[in-house]
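Notes follow the structure.
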Amino acid sequence: MPPFVLSKSTASPSLARLLPASSFHTTTPLHLAPIGAPSPLPPPAQSPSSLSPSPCPSPSHNHYATILRSCVLSRAVRPGRQLHARLLVSGLGLDTALAIRLVDLYASCGHVSHARRLFDGMPQQRNVFLWNVLIRAYTRDGPREAAIEMYREMLAYGGVEPDNFTYPLVLKACAALLDLGTGREVHERVARTRWAADVFVHAGLVDMYAKCGCVDEARAVFDRTTVRDAVLWNSMIAACGQNGRPVEALALCRDMAAEGMGPTIATLVSAISAAADVAALPRGRELHGYGWRRGFGSQDKLKTSLLDMYAKGGLVRVARVVFEQLVHRDLISWNSMICGYGMHGHADEALELFSKMRSEAQVMPDNITFVGVLSACNHGGMVKEAKELFDLMVNVYSIKPTVQHYTCLVDGLGHSGKFKEASDLINGMLVKPDSGIWGALLNGCKIHKNVELAELALQKLIELEPEDAGNYVLLSNIYAQSGKWEEAARMRKLMAGRGLKKIIACSWIELKGKSHGFLVGDASHPRSDEIYEELERLEGLMSQAGYVPDTAPVFHNVEDDEKRNMVRGHSERLAIAFGLISTPPGTMLLVTKNLRVCEDCHVVIKLISQIVQREIIIRDVNRYHHFVNGECSCKDHW
């Protein structure tokens with residue numbers, strides 16, 4: 001710690017009010033003694049006649065403790081440092097209580113190295129509070145490895161046992177480092193202590209397992225907890241939502257309310273995010289209303305999650321309304337709105353908002369911002385603008401491109417048939433190309449029937465994902481598109497030989513809080529007869545408008561009639577037909593599909609939207625399609 005100079009002119013006003021005036025009177029600079037050094041000896045005794053009367057008595061340890069407590073509460077490090085210096089030169093020295101408060105002050109104010117030096121200078125006075133102060137500081141400010149190291153030193157120190165504050169702090173450090181091994185060690189130790197059933201420790205364990213991707217272990221801890229508070233419920237809901245189990249997260253939210261535990265703002269944010277991930281718009285709206293009734297409606301944190309939910313639920317215009325209602329628009333909210341426009345293919349709106357973010361709001365974009373605008377350009381067929389934005393990101397904002405940025409650009413170039421540029425970009429990447437890169441290139445090859453480059457892309461994909469049947473299917477379809485039936489059959493035989501099966505196409509629609517799923521040619525739904533009757537009615541109307549089924553997407557060497565029947569039973573058509581017979585005229589339909597929408601279905605849904613005069617939104621594996629009055633938001637670029 002550097003030496004401090006304390007004089008009347010440098011004393012903090014707040015400290016000057018608390019200390020007697022005589023405390024600050026000095027004629028020479030006072031330097032801080034090294035930590036752990038003995039206090040200076042008092043001055044030699046003088047005769048009573050030589051002593052001038054003091055205006056007030058010297059401050060006691062209790063008085064200094066009161067001042068330090070005030071400094072800690074207000075995070076006032078400057079007065080605390082001055083008081084530290086005064087203690088070292090006054091002859092009072094540092095007792096254990098004052099030293100602990102100083103460690104707490106330095107650690108709380110981010111001066112962890114100062115706190116650590118004081119801590120190291122008092123090896124005989126370390127209680128559990130003092131250890132926790134340092135562990136908490138390292139967990140919060142880093143390096144988090146030091147928090148785990150302090151925990152291990154604490155165990156080796158002896159005489160001091162970790163408590164229900166220590167364990168959650170160490171588990172938080174493990175979660176941040178994804179250190180599952182140490183986290184499990186902590187869990188095993190906790191199980192042998194009196195904190196084995198502590199709700200705070202359990203919340204830390206749930207969060208640690210969730211961050212490390214072990215949701216089942218997190219759920220096991222949660223289920224064993226008999227008394228659950230809101231923090232524990234929130235940890236478990238977030239664990240499911242952040243690890244691809246949004247349905248379970250929503251179910252937990254319902255269970256929490258059923259057990260009489262009132263959801264907090266953190267609960268609602270996690271649950272709304274889960275509803276967004278499964279496009280459960282009705283459930284998201286319920287949560288929106290509940291949050292408003294609970295008085296959370298004015299909080300920007302809730303509005304930002306609602307913005308994301310409405311964008312993913314297909315209501316991008318509603319998302320923009322929520323965005324405009326934000327009191328303070330931070331980087332997260334700007335990114336959410338830009339990415340919302342991007343996933344819906346509203347490239348012009350995304351770029352306009354990006355420009356407003358930089359010029360009017362003067363918010364610095366980050367790598368997520370550029371993923372959003374590049375995705376928007378990709379979905380909007382704006383290759384030139386995408387290349388300009390990529391250069392802006394690298395050369396102006398000095399953001400190192402990630403594989404997501406490269407994937408957006410490669411996908412756009414592939415869609416436009418610019419395979420030379422796409423290949424050059426891949427060869428010059430600063431990161432190793434992953435399956436997303438080669439998959440984007442392979443998809444472009446399918447659109448433009450570039451068999452030679454497709455074979456190269458598939459070779460790379462097989463090296464990265466040898467068990468993914470979709471890669472083999474895509475190349476097989478490219479062969480079939482080019483009339484190379486023998487090569488297509490060879491590819492499918494290769495799949496069969498490796499025991500790989502094609503992902504079954506599935507579409508689902510949520511009505512009145514219940515999700516209805518459909519497979520290709522599905523006849524299992526209770527209203528199956530009505531569904532096929534509605535499809536037949538619509539096909540008759542489409543035929544009158546000149547529609548002829550495009551069987552090119554059926555990559556099987558079968559008769560045309562059979563191909564037409566196969567296309568007619570695609571899962572998204574069944575879901576749309578069910579939605580039409582189950583809702584009042586004019587109701588918007590939102591259908592989710594686990595694969596890409598085929599070309600013929602895209603044409604059919606445009607015609608259906610015109611015939612029934614409804615907005616139909618399809619959320620496929622790549623993007624959103626808004627069908628209104630015979631037009632699609634993708635402008636046939638997908």
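Yeah, the Cβs are placed from backbone N, Cα and C, and that goes for glycine too.
TrEMBL does not curate its annotations; it predicts them automatically.
Sequence annotations record features per position, and here TrEMBL assigns compositional bias 'Pro residues' to 37-46.
For 546-638, the entry in TrEMBL reads domain 'DYW'. Summarised as a single figure, the pLDDT of the domain 'DYW' (546-638) averages 85.
Marked as region 'Disordered' by TrEMBL: 33-58.
With a cut-off of 8 Å between Cβ atoms, the residues of this chain six or more beyond the repeat 'PPR' (127-161) that come close are 100, 103-104, 107-108, 110, 112, 115-116, 119, 169-170, 172-174, 176-177, 179, 182, 186, 193. Residues or ranges marked as repeat 'PPR' by TrEMBL: 127-161 (among others).
What TrEMBL records for 229-263 (among others) is repeat 'PPR'. Residues 199-200, 202-203, 206-207, 209-210, 213, 215, 218-219, 222, 270-271, 273-275, 277-278, 280, 283, 287, 290, 294 of the same chain lie 6+ residues outside the repeat 'PPR' (229-263) yet bring a C-beta within less than 8 angstroms of a C-beta in it.
Summarising the annotation, TrEMBL assigns repeat 'PPR' to 330-364 (among others). With a threshold of 8 Å between CB atoms, the same-chain residues lying at least 6 positions outside the repeat 'PPR' (330-364) that come near it are 300, 303-304, 307-308, 310-312, 314, 316, 319-320, 323, 371-377, 379-382, 385, 397, 623-626, 633-635, 637-638.
The residues of the repeat 'PPR' (468-502), classed with DSSP into helix (H, G, I), strand (E, B) and coil, number 26 helix, 0 strand, 9 coil. Feature annotation from TrEMBL assigns repeat 'PPR' to 468-502 (among others).
Secondary structure by DSSP for the repeat 'PPR' (330-364): 26 helix, 0 strand, 9 coil.
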